[in-house]
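Structure, as structure tokens:
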Amino acid sequence: MGQLVSFIGEIPAIVHEALNVALIAVSIIAIMKGLINIWKSGLFQLIMFLILAGRSCSISIGHHLELQHFIINSTSLLPSMPTLCRINATNSLIRGPFSAQWGLDIFIGDLTILVNPEPGSKTKRMTATNITGCFPNNEDPDSVAQVLSWFFRGVHHDFHLDPTILCDESVTVFRIQMNLTERMYCDRIVSKLARLFGSFGDYCSKVGKKLVIIRNVTWSNQCHEDHVGSMQLILQNAHNQVMRFRKLQNFFSWSLVDSAGNSMPGGYCLEKWMLVASELKCFGNTAVAKCNINHDSEFCDMLRLFDYNKKAIVNLQDKTKAQLDSLIDAVNSLISDNLITKNKIRELMNIPYCNYTKFWYVNHTGLNVHSLPKCWHVRNGSYLNESDFRNEWIIESDHLVSEILAKEYEERQKRTPLSLVDLCFWSTLFYTASIFLHLLHIPTHRHIIGEGCPKPHRLTSDSLCACGFFQLKGRPTRWARIP
């Protein structure tokens, strides 16, 4: 310790000698380069893997880079409309308008709960003019009847020609049964349900009874609401409304304004009421400029959606009956039909598709710079795991880093002489001889033999992972190294 203190005290005198300055510089460079080479050899990664094996599935995509996302809040975007969501393969849900605390559970299966009414039974036949007769004791029969009317029109049910709908009520719970046993009727109803909630597979080809059961339930966040499904419900009711058609153009430049019509030269902010569980999120002029170049981005489609319909969105805040008519008038302005059709085709082909609800982007937390958001795709009614599109966000992070480095290089060229950069480069190159540790090929993580890279999952020696993704114990593993 005394020698170290003496050395530090002599530094002012040492730096007067050019050779001593060179020795200090070489020593610092050698130590730093040695640490970097050890890191690149994989030794630190191996130690980190052994500590976190079986406990963590996280992965870093670079210094200060994080994968983040935001979710559009459909209840604030379309407050007067019922919102739709999918719970599982057989159950879907329609939530009442204005964030109601009740909803309608749509069950598709083969369980018969109601039979044709007999004298003295509680079972009734539903008619187009007396929907409320199925639930006279409900607290809000008019709202429930309105949602059911929209639903039946959306699936194109004809009360005069199609099979009779049965219903009954017990205290505050009512049940409605649609019989889909007739093949042509089943194909028509299920195809319309698929447009609202997603594919139900080849349901109508099954043998036996085929039924849709509707019952009222209490809303308790059973699933995440999908505003695209609500728009589909509007479109499928469009034959009852007078609509003006307008489609988004493919190639044009556009600017942004706030909800009051004032110009926003600094970029665009998604207001807090548009997002789920997130604060105000702003995207600068860089993102807007990218949207003028990249016309295939789902995020840019969403920006156009909000930008073209500022007045419509402001009107949606007035909870009046006239609001519904103006919403029907503006539905083709809210989102282009070809975008919905494109994603529905991808859904039918079992290809991950965009539901225009959740978007991901790579954010550099140190510089507060982010990439252009991209759609978080959906398959079979659920969002893809981060590892399913790992290559995409790693490539996106590489592009973001390249943009940052290019910008920093241009700025540094204005302040730093090129000769100084060359001097640093050649002095660093001299010490690359310490890269011999790369010859050791130290492994960094485990692979299951015969399968691809399990990253970001960290497998134990029993081939398990704490997140539950790898559950089969005792599979043969081998050590591998990050390329």
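Every residue number used here counts from 1 along the chain in the order it is shown.
Positions of Cβ are set from backbone N, Cα and C atoms, glycine also.
Look at Swiss-Prot and you will find G2 tagged as N-myristoyl glycine, backed by sequence analysis.
Under the heading N-linked glycosylation site, Swiss-Prot lists N73 (among others), citing sequence analysis as support.
Positions annotated as disulfide bond by Swiss-Prot: C85-C223 (among others). Around the Cβ of C223 (disulfide bond), the same chain contributes C85, R86, I87, L93, each under 8 angstroms and 6 or more positions distant in sequence. Secondary structure at C223 (disulfide bond), as computed by DSSP, is coil.
N88 (N-linked glycosylation site) is surrounded by 10 other CB atoms, counting those within 10 A of its CB over all protein chains shown. Feature annotation from Swiss-Prot assigns N-linked glycosylation site to N88 (among others).
Contacts of N130 (N-linked glycosylation site) defined by a Cβ separation under 8 A and a same-chain sequence distance of 6+ are given as none. If you look up Swiss-Prot, you'll see N130 (among others) marked as N-linked glycosylation site, on the strength of sequence analysis.
In the three-state DSSP scheme, N179 (N-linked glycosylation site) is classed as strand. Annotated N-linked glycosylation site per Swiss-Prot: N179 (among others), in sequence order, evidence recorded as sequence analysis.
The 10 Å shell around the Cβ of C186 (disulfide bond) contains 21 further Cβ atoms across the protein chains shown. C186 (disulfide bond) carries a helical DSSP state (H, G or I). Annotation comment: Swiss-Prot describes C186-C204 (among others) as disulfide bond, evidence class sequence analysis.
Counting only residues at least six positions away in the same chain, the Cβ atoms of W102, G103, L104, D105, F135, N138, V144, T172, V173, F174 sit under 8 Å from the Cβ of N216 (N-linked glycosylation site). What Swiss-Prot lists as N-linked glycosylation site is N216 (among others), and the listing cites sequence analysis.
The annotation disulfide bond is assigned in Swiss-Prot to C269-C282 (among others) on the grounds of sequence analysis.
Counted within 10 Å of its Cβ, the other Cβ atoms near C300 (disulfide bond) come to 20, all protein chains included. Under the DSSP three-state reduction, C300 (disulfide bond) is assigned to helix. The disulfide bond feature in Swiss-Prot is assigned to C291-C300 (among others); the stated evidence is sequence analysis.
The disulfide bond annotation in Swiss-Prot covers C354-C375 (among others).
For N355 (N-linked glycosylation site), the Cβ neighbour count at a 10 Å cut-off comes to 22, with all displayed protein chains included. Swiss-Prot lists N355 (among others) with the feature N-linked glycosylation site.
Counting only same-chain residues at least 6 apart in sequence, those with a Cβ under 8 Å from the Cβ of N363 (N-linked glycosylation site) are L65, E66, L67, Q68, V369, H370, S371. The annotation N-linked glycosylation site is assigned in Swiss-Prot to N363 (among others).
In the three-state DSSP scheme, N380 (N-linked glycosylation site) falls into the coil class. Over all protein chains present, the Cβ of N380 (N-linked glycosylation site) has 12 other Cβ atoms lying within 10 Å. Residues or ranges marked as N-linked glycosylation site in Swiss-Prot: N380 (among others).
Note: N385 (N-linked glycosylation site) has non-local neighbours F469, i.e. same-chain residues 6+ apart with C-beta under 8 A of its own C-beta. Marked as N-linked glycosylation site by Swiss-Prot on the basis of sequence analysis: N385 (among others).
Taken from Swiss-Prot, the feature topological domain 'Cytoplasmic' covers 444-483, and the record attributes it to sequence analysis. Per-class residue totals from DSSP over the topological domain 'Cytoplasmic' (444-483), listed helix then strand then coil: 0 helix, 8 strand, 32 coil.
The Zn(2+) 2 site is set by H445, H447, C453; from the centre of their CB atoms, other residues of the chain with a CB within 8 Å are R446, G452, P454, K455, L459, A480. Among the recorded positions N88, N179, C186, C204, H445, C453, no residue is found with its Cα located within 10 Å of the Cα of C375 (disulfide bond). For C85 (disulfide bond), the count of additional Cβ atoms within 10 Å of its Cβ stands at 21 [all protein chains shown].
A mean pLDDT of 78 is what the model gives for the topological domain 'Cytoplasmic' (444-483). Secondary structure at C354 (disulfide bond), taken from DSSP and collapsed to helix, strand or coil, is coil. Checking Cα-Cα distances from C453 (Zn(2+) 2 binding site) against the recorded positions (C300, C354, N355, N380) with a 10 Å cut-off leaves nothing; none qualify. Residues within less than 8 Å, Cβ to Cβ, of N179 (N-linked glycosylation site) and separated from it by at least 6 positions along the same chain comprise P163, T164, L166, K209, K210, L211.
For the recorded site, N385 (N-linked glycosylation site), the DSSP three-state label reads coil.
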